Amino acid sequence: MKTWVIKIGTSILRGTEETSTEEVIENLSRSFTSFLSKGNKLILVTSGAVGLGCQKLNIKTRPNDLSTLQATAAVGQVNLMSLYDKVFNKLGLNIAQILITKADFNSRESFNNASKTLKRLIDLNVIPIVNENDTVANEELKYGDNDTLSALVALAINANKLILLTDIENLYSKDPRNNKDAQPIKEVHNSELKEIKDKNIQNSNNEWGTGGISTKLISAEIATKGGVEVQLVDGTNKKNLIEIFNDNKIGTLFYPVEKPIGNKKSWLSHAIQTVGKITLDDGASFAIKKKGASLLAVGVKNVEGNFTINQAVKIVNTNDKEVAKGLVSISSDKLRSILNNKENNNSSIIVVHRDVLALS
């Protein structure tokens with residue numbers, strides 16, 4: 001049995017002058033049936049609420065202010081789920097709406113609850129349709145794009161594959177719209193991904209979406225580090241999903257690492273919000289990165305922010321480059337007290353245990 005997550009972007013769902021959003025969903029849904037009939041499981045992460053809301057309200061360009069974005073998302077989400085329900089019901093498929101914000105994944109308990117709910121739904125042969133809850137999320141609590149959200153959903157359910165449907169055929173060495181010599185990249189191994197991502201070789205943001213290729217590369221990095229294969233495919237070609245379901249290599253394939261970091265450390269790395277920052281000396285940075293050590297108070301040079309036990313912090317080196325994230329074993333007040341030599345014989349106290357520390 002396979003469990004796949006498919007992320008459907010706004011650029012796909014908006015359709016064209018010849019194809020409506022409903023027709024796009026119909027084309028997609030028909031390709032799902034043979035995959036599901038073999039006992040496989042599917043979760044969709046969908047964008048499109050803001051775009052549909054703007055269509056409904058006759059707003060010609062994507063709003064810039066948060067309140068209008070949230071209002072159009074509220075209107076559009078109703079239309080979006082209505083279309084999914086109408087189309088999938090014709091095929092005898094049941095769906096469920098799941099709306100998520102960053103806060104829902106911020107604690108380990110809520111992350112696990114979301115995971116259990118999603119897994120139970122697919123056990124019941126229901127297709128969960130996930131979207132960010134744009135109506136209530138403020139800027140601080142927004143993922144801002146569903147590419148990142150789709151990777152976290154894939155990790156939460158231990159998916160075998162994440163498929164990113166977009167409006168380009170595959171990843172390119174340069175932006176193909178502006179560079180005739182751009183070369184397609186068919187395969188990306190994890191050792192290559194960070195360099196490609198950091199170069200930000202394309203930035204194909206469109207008017208209606210919030211992602212672009214850069215967020216898809218971030219999504220691929222998150223998922224592959226957690227052991228999930230990622231495939232980036234042109235979703236405007238309705239034959240492509242059939243090709244994917246037949247295990248054909250089209251688009252760009254991102255291979256997972258051989259030794260995934262595990263569900264818990266994936267959550268620490270990518271889902272949790274940090275509330276403080278700890279700067280390490282060079283010795284502590286080396287011990288954490290190369291020896292898998294816990295962070296001890298003796299290796300701490302500076303503390304920023306206020307935090308209590310079990311809250312998440314960003315851990316950086318002397319150049320302010322992120323080394324890791326982790327859950328602290330002591331409060332910021334206690335740690336500052338140690339650094340200020342107000343307490344003696346506490347330099348060996350554990351600040352972040354290696355079991356709750358994830359390398360960046």
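Heads up, the Cβ atoms here are built off N, Cα and C, so glycines get one too.
As written in Swiss-Prot, here are the features:
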| type | residues | note |
| --- | --- | --- |
| BINDING | Lys7, Thr166, Asp167, Thr210, Gly211, Gly212, Ile213, Ser214, Thr215, Lys216 | ATP binding site |
| BINDING | Ser47, Asp134, Asn146 | substrate binding site |
| DOMAIN | 275-356 | domain 'PUA' |
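Overlay of Swiss-Prot feature records on the structure.
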{"residue": "Lys7", "record": "ATP binding site", "DSSP class": "strand"}
{"residue": "Ser47", "record": "substrate binding site", "DSSP class": "coil"}
{"residue": "Asp134", "record": "substrate binding site", "DSSP class": "coil"}
{"residue": "Asn146", "record": "substrate binding site", "DSSP class": "helix"}
{"residue": "Asp167", "record": "ATP binding site", "DSSP class": "coil"}
{"residue": "Ile213", "record": "ATP binding site", "DSSP class": "helix"}
Fewest Cβ neighbours within 10 Å, where candidates are the binding-site residues Asp134, Asp167: Asp167
Other CB atoms, at most 10 A from the CB of Asn146 (substrate binding site): 27
Candidate with the highest Cβ count within 10 Å, taken from the binding-site residues Ser47, Thr215: Ser47
Rounded inter-Cα distance in Å - Asp167 (ATP binding site), Asn146 (substrate binding site): 15
Nearest of the binding-site residues (Lys7, Ile213, Thr215) to Ser47 (substrate binding site), judged by Cα-Cα distance: Lys7
Span of the substrate site, taken as the largest CA to CA distance across Ser47, Asp134, Asn146 (Å, rounded to a whole number): 11
Rounded to the nearest Å - Cα separation of Lys7 (ATP binding site) and Asn146 (substrate binding site): 7
Pairwise CA distance, Asp134 (substrate binding site) versus Ile213 (ATP binding site), rounded so that it is a whole Å: 21
Per-residue pLDDT averaged over the domain 'PUA' (275-356), given as an integer: 93
Number of other Cβ atoms within 10 Å of the Cβ of Lys7 (ATP binding site) across all protein chains: 31
The domain 'PUA' (275-356) - residue tally per DSSP class, helix then strand then coil: 21 helix, 32 strand, 29 coil
Neighbouring C-beta atoms (10 Å sphere around the C-beta of Ile213 (ATP binding site)): 23
Rounded Cα separation (Å) that holds between Thr215 (ATP binding site) and Asn146 (substrate binding site): 9
